[in-house]
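K.L.:
Feature list, courtesy of TrEMBL:
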- 1-22: compositional bias 'Polar residues' (COMPBIAS)
- 261-276: compositional bias 'Polar residues' (COMPBIAS)
- 71-399: domain 'G-protein coupled receptors family 1 profile' (DOMAIN)
- 1-32: region 'Disordered' (REGION)
- 259-278: region 'Disordered' (REGION)
- 62-81: transmembrane segment (TRANSMEM)
- 93-115: transmembrane segment (TRANSMEM)
- 121-146: transmembrane segment (TRANSMEM)
- 166-188: transmembrane segment (TRANSMEM)
- 200-225: transmembrane segment (TRANSMEM)
- 338-360: transmembrane segment (TRANSMEM)
- 375-394: transmembrane segment (TRANSMEM)
């Protein structure tokens with residue numbers, strides 16, 4: 001079978017023999033472009049097909065896809081189907097994590113198909129999308145931790161300003177920046193896209209993931225210590241405070257209308273006395289803004305507010321008293337510690353081994369040159385990459401276990417389905 005270059009040369013000679021010199025030049029340019037593209041798709045310097053896979057990796061990929069896709073799809077469908085879930089920023093942040101989990105699973109499937117079909121075009125698609133999905137997972141996990149920190153430290157600002165719209169905007173901007181940074185060699189045309197290993201591309205992915213990994217660890221620790229600080233201040237502060245709530249102009253108008261309506265509906269026997277709205281004492285619970293995870297929803301400023309009187313201008317004096325609950329605080333401390341351990345554990349177990357081995361291999365190549373590193377590093381690196389995929393199953397399972405709002409929604413849906421039958 002003739003090579004691509006032989007076919008192109010034969011066509012050109014036939015054109016020259018026909019006397020079409022101008023068309024021959026155009027065909028030469030077109031043929032050279034096609035030949036260059038064919039060579040770029042599969043770099044001939046790499047020899048064999050660049051994607052490597054054995055029975056162990058193939059089995060891991062099949063298990064992850066068959067397990068991770070149903071779990072993540074289930075979470076995504078539930079969040080999008082129920083308004084009380086997708087109207088809250090913390091659930092939208094987790095919806096972003098779930099979507100990028102699915103994109104990572106799609107990348108795994110593309111790699112699996114590329115290896116078993118030995119198709120260069122599918123391999124080029126894999127090179128084009130690799131790295132983006134997992135880096136986006138780490139970025140969305142960091143956003144969720146920042147959201148938790150803001151909810152604890154600045155609860156009023158968080159409730160007023162952190163909306164679903166701004167969360168989606170932040171996720172979109174982050175995704176675009178990740179694509180630009182990771183795929184910069186291809187965007188800037190510093191390297192032709194081909195089906196193979198490109199060192200600069202791999203280094204950019206490793207550095208970006210390492211930065212996000214460290215940021216997530218620091219954010220987890222910061223959220224934990226801020227939570228402990230909240231508990232300590234909650235124990236010390238048990239005094240009463242008097243707060244004045246001032247009605248807005250619209251609320252005063254509504255109150256006046258209600259008073260007028262109440263007067264018009266009064267019986268003749270009561271017309272001698274001006275009627276007004278009842279000002280009986282009322283007890284309400286004032287809760288701190290909910291944080292990002294189910295465990296943080298227990299961070300409640302357990303207080304009571306008692307209306308002791310009302311003044312002119314729609315002002316109401318309220319006395320607050322904080323109720324101490326030693327057992328409740330201990331339980332919340334345990335949940336905060338569990339949240340820290342589960343978050344840090346997943347990063348250390350699934351993300352850090354591949355990053356550490358990647359930098360070890362990088363330093364070995366810089367010190368001893370290409371092909372002189374111990375083979376054991378490459379072997380360990382080959383299988384350690386599968387640990388990165390543990391997030392795709394671990395994250396959705398932990399979300400369903402720890403997010404009580406999601407769990408209660410699912411239980412209500414199951415009860416409703418069973419009753420309808």
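The backbone N, Cα and C atoms fix where each Cβ goes, and this holds for glycine too.
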K.L.:
If we call contact 3 or more Cβ pairs under 8 Å (sequence gap 6 or more), are the transmembrane segment (121-146) and the transmembrane segment (62-81) touching?
P.N.:
no
K.L.:
For the transmembrane segment (62-81) and the transmembrane segment (375-394), does the number of C-beta pairs under 8 Å, pairs 6 or more apart in sequence, reach 3 or more?
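P.N.:
They are in contact.
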K.L.:
Excluding the flanking five residues on each side, which residues at least 6 beyond the ends of the transmembrane segment (166-188) place their CB within less than 8 Å of a CB in that stretch?
P.N.:
89, 92-93, 96, 128, 131-132, 135-136, 139-140, 143, 147, 198, 200-201, 204-205, 208
K.L.:
For the transmembrane segment (200-225), find every same-chain residue at least 6 residues outside the stretch whose CB is under 8 Å from a CB in it, and list them.
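P.N.:
Distant Cβ neighbours of the transmembrane segment (200-225) are 127, 130-131, 134-135, 138-139, 141-142, 145-146, 148-149, 152, 178, 181-186, 190-191, 336-337, 339-340, 343-344, 347, 351-352, 355, 358-359, 362.
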K.L.:
Where does the mean pLDDT land for the domain 'G-protein coupled receptors family 1 profile' (71-399)?
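P.N.:
Within the domain 'G-protein coupled receptors family 1 profile' (71-399), the model's average pLDDT equals 77.
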K.L.:
In the same chain, which residue numbers or ranges, 6 or more beyond the ends of the transmembrane segment (375-394), come under 8 angstroms Cβ to Cβ?
P.N.:
52, 56-57, 60, 64, 67-68, 71-72, 101, 104-105, 108, 134, 137, 346, 349-351, 353-354, 357-358, 360-361, 364
